[in-house]
Amino acid sequence: MDQAKSTDSPPTGENNKSYWRFSKQDFFPEKSFQSWATYRSALRETPLRFRDRLVGRSNDAAELGEVRKRSENEMKRCLTWWDLTWFGFGSVIGAGIFVLTGQEAHDHAGPAIILSYVASGISAMLSVFCYTEFAVEIPVAGGSFAYLRVELGDFAAFIAAANLILESIIGAAAVARSWTSYLTTLLNRPSNSLRIHTNLAKDYNYLDPIAVVVLIITSTIAIISAKKTSYVNWIASLVHSVIIVFIIVAAFAHADTSNLSPFLPYGVKGVFQAAAIVYFAYGGFDNIATMAEETRNPSKDIPLGLLGSMSIITVIYCLMALSLSMMQKYYNIDREAAYSIAFKDVGMKWAQYLVALGALKGMTSVLLVGALGQARYTTHIARSHIIPPFFALVHPKTGTPIYATMLLTFASACIALFSSLNVLASLLSISTLFIFMMMATALIVRRYYQRGVSTKPHTLKLVACLLIIIASSMGTSAYWGLNPQGWAGYVVTIPLWFAGTLGIQLFVPQCRTPKVWGVPLVPWFPSLSIATNLFLMGSLGSDAFIRFGLCTGVMLVYYLFFGVHATYDVAHGNCEETVGMQIEKVSDMEKATMKG
């Protein structure tokens, strides 16, 4: 297999450059930024360059070969399915289950919080399937950014990149803030007692220096070595797993079924509102896909590690949510440290400290694996020059992207110092759901469209069916938000979604068959993933969309003034470095998309 050969060979030859360098050319090697005159000239060409990037696409060989070379040094292939499985536990089980479960059971779902975890778990597993197929076929550090760049084009990949970096920064900040909350419980101190009170606006008025310190420590460990980070994660996750088993067993031992009544105090709408928020608890599994470049046998190790860990985690989450609901009435559940306070209220005061310790260990693992995986995302994004290629450099001895890790740590620390968890969680959820929706769309495109193979009629049919799937899914979500008690709208939107998916199956031939591992029941599984992710996005409050819109606007301004020019220069060879990236120009697929 040609791709496997590209993956196994060293990305670069002898490299004599010092890693610790900070010249202008390391940050801005592109022709557009060599002087103010060239930059002004580039700005005048912004519309032309934007159109070029809108339709430009990468390919598997470029991502596996030339793009990887821009890191100058190779990441070390040292991870197995065992490492990935424990990375799955370490990256997922943390602040979400220990903090958001109590918050959402109290505010939105009540005892039906278990249904919220089931709904978000189903959506997460559908996304896991999509990620697994891509990670096996294109085993590079870029994860969803690289996959979208190949299938949906350069601009779509930028939108993903911007949200990935936002998700990485906010996710780490949210977990670090939760770490401090559970530390106060472990020390038996009042909430916010370890934070510094200020007169800033609400939700930004408690400074958290402890969160900053935790972020710095975990990032430092991740910088040293991926394999050594895996060893640390094994130990922490093993201890964490023992504590989780204790929580579930002890909670059911003190369960009272009367606490489950009323089961739906906030109605069905509350269940899905909570599902959209607790989706944050499943976030992090995509970090495993970014480890593909450091995995010894991606075709075997990634499916085992990713699907295996996420299946077990989904069951654990449902059991933990149910056990909490049976220990206390939903209105008595503490929003900040739900499990610790619940055990205290049933007479197991000593257990609150064990739970707090388990939560701290879990959140430490999340930060540790997050620092590892998120830096890999950022590295590949920098390889594309969307952000300065300086952050793509891999250290020759550690085999880790030190600069990318430092960039994310600094940004996360700044946000964690000021922002509360409820501000961060909703913004993180909408960003994650949006990326997963794009991933499902990209998988359908990968299976049913191939340059030089797909005919124009088949391409137009595919585009039309995809638009029907996305539009009907948005319609279902909007109708739910406007009229949660109604049903008439679903008579239109759901059959349309079914017709769009069936149309792809019946009228568009598959152009690509997975070489090793593929998502089953295509196009139904990815189409359902599109629908569930959009539905959960629609269940979030308006504040989340406002924040998401503002952040997206800032990202687009950055892209128009920097990203579009840097990537245009790289694609057309106008760069001081040798790039040689193969970019497929506009094809029938993009033309049809533009017309649609």
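Using the three backbone atoms N, Cα and C, a Cβ is placed for every residue, glycine included.
A TrEMBL annotation is a machine prediction, not a hand-curated record.
In TrEMBL this protein carries:
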type     : residues : note
TRANSMEM : 78-100   : transmembrane segment
TRANSMEM : 112-134  : transmembrane segment
TRANSMEM : 155-176  : transmembrane segment
TRANSMEM : 206-224  : transmembrane segment
TRANSMEM : 266-285  : transmembrane segment
TRANSMEM : 306-330  : transmembrane segment
TRANSMEM : 350-373  : transmembrane segment
TRANSMEM : 427-448  : transmembrane segment
TRANSMEM : 460-481  : transmembrane segment
TRANSMEM : 487-508  : transmembrane segment
DOMAIN   : 517-566  : domain 'Cationic amino acid transporter C-terminal'
TRANSMEM : 520-538  : transmembrane segment
TRANSMEM : 544-562  : transmembrane segment
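Counting only same-chain residues 6+ beyond the ends of the transmembrane segment (487-508), those with a CB under 8 A from a CB of the stretch are 444, 448, 458, 461-462, 464-469, 471-473, 475-476, 479, 523-524, 527, 531. Among 155-176, 206-224, 306-330, 427-448, 544-562, 306-330 has the largest number of CB pairs under 8 A with the transmembrane segment (78-100). Between the transmembrane segment (427-448) and the transmembrane segment (306-330) there are fewer than 3 Cβ pairs closer than 8 Å, counting only pairs 6 or more residues apart in sequence, which means the two stretches are not in contact. Between the transmembrane segment (206-224) and the listed ranges 155-176, 266-285, 350-373, the one holding the most Cβ pairs under 8 Å is 350-373. Here the transmembrane segment (350-373) has Cβ contacts under 8 Å with residues 87, 89-95, 97-98, 143, 168, 171-172, 175-176, 178-179, 182-183, 185-186, 188, 214-215, 218-219, 221-222, 226, 229, 232-233, 236-237, 239-240, 243-244, 246-247, 250, 284, 286-288, 290-291, 337, 339-341, 343-344, 405, 408-409 of the same chain, all six or more residues outside its ends. Only pairs six or more apart in sequence are counted, and the transmembrane segment (306-330) with the transmembrane segment (460-481) gives fewer than three Cβ pairs under 8 Å, not enough to call it a contact. Mean per-residue pLDDT, taken over the domain 'Cationic amino acid transporter C-terminal' (517-566), amounts to 87. Within the same chain, residues 50, 53-54, 58, 94-95, 143-146, 148-149, 208, 211-212, 214-215, 280, 283-284, 363, 366-367, 370-371, 374, 377-378, 381, 384, 386-387, 408-409, 411-413, 415-416, 419, 421, 424-425, 427-428, 431-432, 434-435, 438, 551-552, 555, 558-559, 563, 567 sit at least 6 positions outside the transmembrane segment (155-176) and bring their C-beta atoms closer than 8 Å to a C-beta of that stretch. Away from its own ends, the transmembrane segment (112-134) comes close to residues 101, 104-105, 143-144, 147, 263-264, 266, 270-272, 274-276, 278-279, 281-282, 285-286, 288-289, 302-303, 306-307, 310-311, 314, 317-318, 321-322, 324-325, 330, 433, 436, 439-440, 442-443, 446, 514, 517-520, 525-526, 528-529, 532-533, 536 of its chain (Cβ-Cβ under 8 Å, at least six residues beyond either end). Secondary structure of the domain 'Cationic amino acid transporter C-terminal' (517-566) per DSSP, as helix, strand and coil residue counts: 40 helix, 0 strand, 10 coil. Under 8 Å from some Cβ of the transmembrane segment (266-285) lie the Cβ atoms of residues 88, 91-92, 94-97, 100-101, 103-105, 107-110, 112-113, 115-117, 119-121, 123-124, 127-128, 131, 167, 171, 174, 306, 309-310, 313-314, 317, 366, 369-370, 373, 425-426, 428-430, 432-433, 480, 484, 535-537, 539-541, all in the same chain and six or more residues away from its ends.
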